[in-house]
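Relevant sequence annotations retrieved from Swiss-Prot are reproduced here:
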{"type": "SIGNAL", "residues": "1-19", "note": "signal peptide"}
{"type": "CARBOHYD", "residues": "34", "note": "N-linked glycosylation site"}
{"type": "CARBOHYD", "residues": "76", "note": "N-linked glycosylation site"}
{"type": "CARBOHYD", "residues": "98", "note": "N-linked glycosylation site"}
{"type": "CARBOHYD", "residues": "204", "note": "N-linked glycosylation site"}
{"type": "BINDING", "residues": "306, 309, 485", "note": "Fe cation binding site"}
{"type": "BINDING", "residues": "306, 339, 444, 483", "note": "Zn(2+) binding site"}
{"type": "BINDING", "residues": "339, 483, 484, 485", "note": "substrate binding site"}
{"type": "CARBOHYD", "residues": "379", "note": "N-linked glycosylation site"}
{"type": "CARBOHYD", "residues": "475", "note": "N-linked glycosylation site"}
{"type": "CARBOHYD", "residues": "495", "note": "N-linked glycosylation site"}
């Protein structure tokens, strides 16, 4: 009996001790994903005395030190976390290296107030590792091409395609007018950049740097105007991408469609060292809807600075390109440089008046990822003065249908006497207005804004002094800017003044509302600088904090820009510019986005559904107004078809 009792006592103690010493476990399913965007489920159990500060870290490459995670999630996002077990599902991007996942215990007493992320939240501690998963792989491996995006070249019957793969083995594009017969091919040039090319931390630190893979660049040639082409990139030995398609550019087209915005960034399914942009998901979603509605009409996208907001954390570029691939692989994706791609402490051009303007917003990238991951038309470049390769894609232009598009850099020298100024001058003076009656200039930092961006006051003054006379003299139709994360439309303006009659004054729009959610306040009233009193100046015709993008539609007679809001995908502001010089201010009245397959560029945007009687009544009223307006316009413009004078019909609106 005594022996039996001792046996059971020993068994009880051993079971108790075993239970007390049990370790947390973590598993993943599946252990291999096919492509970027596929999801993995991470499950854990055995977490004793769980805390709402316990967290899950994502690591790639898998041998990364504990504090070199790419992102994290708190375990309390699972509904069962208090019971010591749970699961989280995460869509992941192929970083050309395996992932692993680790669970940590973290307590309030271990919070380091000096160790914070971009939002000033304390970064989680890594002192107590509870469990680590097996490695997660991508079935496509490092060789499969991803991050596919298109752009125009200097030749009108071509289309550039760029993509990323994990090794430098030769890749190709094959293309044709049928997805079943990709009979044309071209070899792609591979290139890469190294950690030593970065100019500061975090880009050149062990935390921010990740291998960017190989960037491939090739051109599809001898394209027929306005024809849909199918293509895929890759190689027989490493694998081919899915088949994508696009509509070739037609410079003689009678209609132009473009989707334009700035400061979009990207979203990540985890929290990381820097702020990411959840609103960018909606921006991409609505633009994809509009592209699909176009059918076989060509279009393009213009992203005017602050592209990914990686700011030195390399993998954020991968997240960005994975997010935009559905649209960037279908229409050309054009960019200009912003402060968050470029600015660094030793940048070559930093005059005394700009010492407080050009800081370290590039996170040590000094324009390198931007310069190599994109290849825009033209050959503009500036030396960085360091090991980094020259900064490219600074200023360039091209025609698309009825519009001449110009891109400029506000981060490098734009003053008189500089190479960029001379390019802008020559380019604007050489535009054939019979071929392209409308000219659209785009840059990152705005020439005009009514936000309280006092730091950029001097650069705005310099832009007005040096660039605005070129815009006015050469009858620029529209100037688009980002940097301020709001939408704002100005009257046709020159020297901060608008009246009733001008000669060629451009309309300025700030369109930095595509994703970044840090928003400055509007300019307060001078005698109440510390109170939320924000009068809207007369020059500002419409402004809002709503996220979204702009849609440009132009034919030979009219260019229309509409602001589409992300919360409903509908138009919230519209402005029309006629080839004759007349500018018609729009309204904040929300209108449904037309089906671009069937609605011509000149069509009036239809409002929300209403009764037939009311619709016909409004229609009759519009016809009367249209006749009167046509008579007035005809009276003042008869015999003066070449006049560039602008007449502005103002309607002033604001959304807050």
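A Cβ is built for glycine as well, from the same backbone N, Cα and C atoms used for every other residue.
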Of the recorded positions listed here (34, 306, 309, 495), which is spatially closest to residue 444 (Zn(2+) binding site) when Cα positions are compared?
306
Return the residue, from the listed glycosylation sites 204, 495, with the maximum count of other C-beta atoms within 10 angstroms of its C-beta.
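Result for the most crowded candidate: 204.
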Which one is closest to residue 34 (N-linked glycosylation site) in space, judged by CA to CA distance, out of the binding-site residues 306, 483, 484?
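Given the candidates 306, 483, 484, the nearest one is 306.
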Can you figure out which of 309, 475, 483, 485 (the recorded positions) comes closest in space to residue 495 (N-linked glycosylation site), comparing Cα atoms?
475
So if I draw a 10 Å sphere around the Cβ of residue 76 (N-linked glycosylation site), how many other Cβ atoms end up inside it?
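Neighbour count, Cβ to Cβ under the 10 Å cut-off: 15.
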Starting from the Cβ centroid of 306, 339, 444, 483, which together make up the recorded Zn(2+) site, report each further residue of the same chain whose Cβ lies within 8 Å of that point, ordered by sequence.
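In sequence order, the nearby non-listed residues are 262, 263, 305, 338, 340, 361, 410, 411, 445, 482, 512.
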Would you count the other CB atoms within 10 A of the CB of residue 98 (N-linked glycosylation site), including those on all shown protein chains?
18
Setting 339, 483, 484, 485 aside, what same-chain residues sit with their Cβ within 8 Å of the center of the Cβ atoms that define the substrate site, listed in sequence order?
262, 263, 305, 306, 338, 444, 445, 446, 453, 482, 512, 516
Report the same-chain neighbours of residue 483 (Zn(2+) binding site): residues 6+ apart in sequence with Cβ closer than 8 Å to its Cβ, ordered by sequence.
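Spatial neighbours, sequence-distant, of residue 483 (Zn(2+) binding site): 262, 263, 305, 306, 338, 339, 410, 444, 445, 446, 453, 456, 510, 512.
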Applying a 10 Å Cβ distance cut-off over all chains shown, what neighbour count does residue 485 (Fe cation binding site) have?
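Its Cβ shell of radius 10 Å holds 24 other Cβ atoms.
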Provide, as an integer number of angstrom, the distance between the C-alpha atoms of residue 475 (N-linked glycosylation site) and residue 204 (N-linked glycosylation site).
44
Radius 10 Å, atoms counted are CB only; among the recorded positions 309, 339, 379, which position scores highest?
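Counting Cβ neighbours within 10 Å, the top one is 309.
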How many whole Å apart are the CA atoms of residue 379 (N-linked glycosylation site) and residue 309 (Fe cation binding site)?
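Roughly 25 Å, rounded to the nearest whole number.
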